[in-house]
Every structure is written in structure tokens, then in C-alpha cells.
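What TrEMBL says about this protein:
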type     : residues : note
TRANSMEM : 44-69    : transmembrane segment
TRANSMEM : 89-109   : transmembrane segment
TRANSMEM : 121-139  : transmembrane segment
TRANSMEM : 168-189  : transmembrane segment
TRANSMEM : 230-249  : transmembrane segment
TRANSMEM : 269-289  : transmembrane segment
TRANSMEM : 309-330  : transmembrane segment
TRANSMEM : 350-369  : transmembrane segment
TRANSMEM : 376-401  : transmembrane segment
TRANSMEM : 421-442  : transmembrane segment
């Protein structure tokens with residue numbers, strides 16, 4: 001490789017921080033990223049982490065088995081609060097998945113080069129989060145073996161179409177579309193790197209598997225042209241999904257007449273909250289991975305600072321929505337809306353409301369400091385607060401709005417049972433199990449896109465880059 005391809009200080013025009021560490025070449029990028037999978041092997045630390053995640057995943061399977069045996073009565077839902085942990089966790093998980101699409105699609109269309117080292121990790125996180133989210137509405141049905149009724153299909157009953165006026169039906173199409181497009185987008189981006197893994201793998205089995213999924217990629221000009229065309233097309237197709245999916249999820253609440261739900265600002269409020277929660281989760285996972293695998297050259301302080309800034313901006317948008325929610329309740333002159341506001345702040349669940357304010361509004365304000373934005377462990381702590389706060393927000397929106405509505409005679413309380421908690425914690429194990437497998441089997445950073453950051457790169461890596 002010529003010296004002209006050696007990286008010195010590839011900098012963003014808006015910052016002095018580099019998007020990739022100095023001294024890298026096409027070959028060194030391929031070697032460092034592929035070695036995590038091909039040469040590093042299955043380490044003791046990975047086995048411990050995977051084992052813990054898998055045991056928690058088994059907790060989820062046990063909880064589901066008991067649920068199918070006994071019914072949804074094992075949950076804490078009751079006549080007053082019919083939506084409990086199932087819908088809370090569904091909205092929380094589907095929100096986490098939004099950062100991957102935003103990083104991969106929208107930032108690609110905006111030509112933000114700093115996305116290249118975190119986009120694949122975020123895309124994988126999106127797929128795993130959507131898989132966790134999709135589980136809850138199916139179990140929420142009570143009879144999940146009839147879940148196929150939610151899809152239009154020819155049948156002997158003559159009812160070829162489901163009830164499209166049901167928000168649950170909207171969720172089915174929104175989540176399935178989002179999952180399928182995200183999966184294709186993620187896989188297409190992997191193809192050049194799978195070819196690199198094929199060429200660098202030592203075992204016959206690894207070469208065969210990577211070769212099969214690389215679809216005969218050889219890095220020719222024709223291959224790159226077709227790859228870039230379909231990748232850009234999928235980015236354009238994915239961009240509206242960032243806005244539409246959580247907008248449709250917000251309609252689950254906004255189209256009802258429940259005080260606290262019947263609000264026109266829910267769609268932008270939910271979208272901002274989803275991006276907020278998603279970036280917080282990317283930081284929560286990327287920072288430890290960066291430290292464990294020594295990827296500071298690829299996930300630099302610039303990436304951390306930019307993600308911190310986006311977290312700060314979306315956090316302030318969510319804070320503004322909280323203020324407007326209180327203002328609309330007061331300004332409406334509707335006694336039920338006004339009581340809803342009072343009940344959230346001073347009712348039985350006031351501590352949860354205070355907790356979400358601390359986690360979602362106060363904690364992110366530390367990100368105004370550049371020193372904190374560039375400190376990985378400060379960012380990690382703040383992102384953990386945000387993840388907890390966004391779950392509390394969903395709890396307050398759903399439970400606190402339902403447990404006291406129009407008639408005092410119908411008031412009640414809600415508390416998650418042991419099986420609610422084991423299912424929720426178990427999905428975290430499922431998520432982490434998939435994440436550990438992804439890190440072990442696939443390149444977590446896009447080698448081909450990282451090579452485009454090098455000086456002299458003409459838009460695509462060299463024709464033989466897949467064989468470097």
C-alpha cells in the first residue's frame with residue numbers, strides 16, 4: 001500500500017477532532033477489525049458475558065412458558081389498568097431501535113462521515129431491539145397462537161382483512177415493515193465486509209459461510225456501483241420509517257379519549273423520545289465495547305461528542321414536551337385533564353414522575369460541558385440515567401393515565417408481578433445474547449466505509465480492498 005494512502009489527520013470541517021485515529025491504511029483497518037472475529041477467538045471474558053446474558057435469556061423463556069400455561073392473569077394487569085408492562089416494554093424497546101436507522105440512513109443522506117464507525121453496531125442494535133419489542137404485543141393478545149389473525153390472508157371465514165381501525169393492527173404493519181427494511185439495509189451494508197472476511201478466514205467452514213452470504217462479491221466497479229445504488233435507495237426508504245414507526249406507536253394512545261393520552265403533540269413527542277432513548281442505548285453499549293476491544297482509533301472522542309450533542313438536543317426536546325404536557329392540561333380548562341396533571345405530579349406514583357424528570361431532563365444538562373461530552377464514562381453514566389428515565393416515562397404515560405380516569409369508583413392501582421419483571425429482564429438477556437453473537441461472528445465496524453475516510457479514497461475502497 002502506498003504512503004499516499006496512510007492516514008494522518010482526517011478531520012471534520014466542523015471540528016478539530018478526527019473521525020479515525022492516525023496511521024491507518026486500507027490493510028490496517030481490515031486487519032484490526034477482522035482480527036476481532038477471526039484471530040482473537042472466543043475469549044474467557046466473552047464467554048462469561050455471553051453465559052450471563054444467556055442465563056437471563058433463559059429467564060425470559062421460563063416466564064413465557066409459565067405465561068402460556070397459566071394465562072395473562074400472572075401479570076399485574078387488572079380491570080382498571082389493562083395495559084401494563086407488556087405495552088410499556090413494547091414502546092421502550094421499539095424506541096431504542098430508532099437510533100440505528102437514524103445513524104445509518106439519515107446521517108448517510110446528510111453526508112456525515114462520523115457515522116461510519118458506529119452505524120453497523122447501531123443497526124444491529126436496532127434489529128435486536130425490534131425483536132424484543134415484537135414479542136410483547138404478541139403475548140399481550142392473551143392467545144398468541146392466534147397472532148396470525150393480525151395479517152390479511154385468505155381463509156374460509158371470508159374475513160380476508162383484519163380490523164384496520166385497531167391501533168394494534170397499525171403496530172403490526174409498522175413494526176414488521178421497520179424490521180424487514182432494517183434487516184435488508186443492515187445486510188446490504190455487510191456484503192463488502194463479508195467478502196473481506198471470506199478472503200481472510202483460515203478455516204474452510206468460515207470461508208464457505210462468509211462466501212455464501214457475500215453473494216460472490218469481488219469488489220469490481222460494477223459491484224460497487226450496484227452496491228452504492230441500492231444502499232442509497234434503502235437509506236431513502238428507511239428515512240421516513242424513523243418518523244412513521246413511532247408516530248404510529250403514539251397513535252395507540254393519541255386516538256383514545258383517555259386524559260393524558262388524547263394529545264395532538266404525541267407523534268413528535270414520541271419520535272424525539274425514541275431518538276433520545278436510542279442514542280442513549282448506543283452510548284451505553286458502544287463505550288464498554290470500545291474499551292474492551294481497544295477501538296479508540298475508530299470510535300473516537302468525536303463520535304462520543306456528537307452522540308452526546310444529539311442526546312442533549314433530543315433530551316431538551318423531550319423536556320419541552322413535558323412542559324407542554326403540563327401546560328396543555330392546565331390550559332384546556334378540562335377538569336379531567338387538569339386532574340391528570342395533578343395526579344401525575346402529586347398522586348400515588350409521584351416518585352416515578354420525579355425520577356423521570358431527574359433522569360430525562362436534569363441528568364442530560366451536564367452534556368452542555370464539552371469536557372463531559374468527551375469523557376466516555378461520564379457519557380456512559382448519563383446514558384444509563386436516560387435509559388432508566390425513558391422506561392419510567394412509558395410507565396407514567398400508561399399506568400398513571402389509566403389507574404385514575406373519569407369515575408372515582410373505577411380507580412385502582414397497578415404493580416408489576418414477579419412474572420412481569422422476569423419477562424422484562426429476560427428480554428434484556430435476549431438482547432445481550434444476540435449482541436454477543438454479533439460481536440463474535442461479524443465485523444462490528446464497517447471496514448469498507450472506514451476505508452473511505454482515508455486521504456486519497458475516491459468514494460469506494462480499492463478494487464482489491466476485499467482481499468487486503
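The backbone N, Cα and C atoms fix where each Cβ goes, glycine too.
Most Cβ pairs under 8 A with the transmembrane segment (121-139) among the ranges 230-249, 269-289, 309-330, 350-369, 421-442 are made by 421-442. Sequence-distant contacts of the transmembrane segment (421-442) (same chain, six or more residues past either end, CB-CB distance under 8 Å): 36-37, 42, 46, 49-50, 52-64, 67, 85, 89, 93, 124-125, 127-129, 131-132, 135, 139, 190, 193, 197, 285, 289. Same-chain residues lying 6 or more positions outside the transmembrane segment (44-69) and placing a CB less than 8 Å from one of its CB atoms are 75, 139, 144, 292, 419, 422-423, 425-430, 432-433, 435-437, 439-440.
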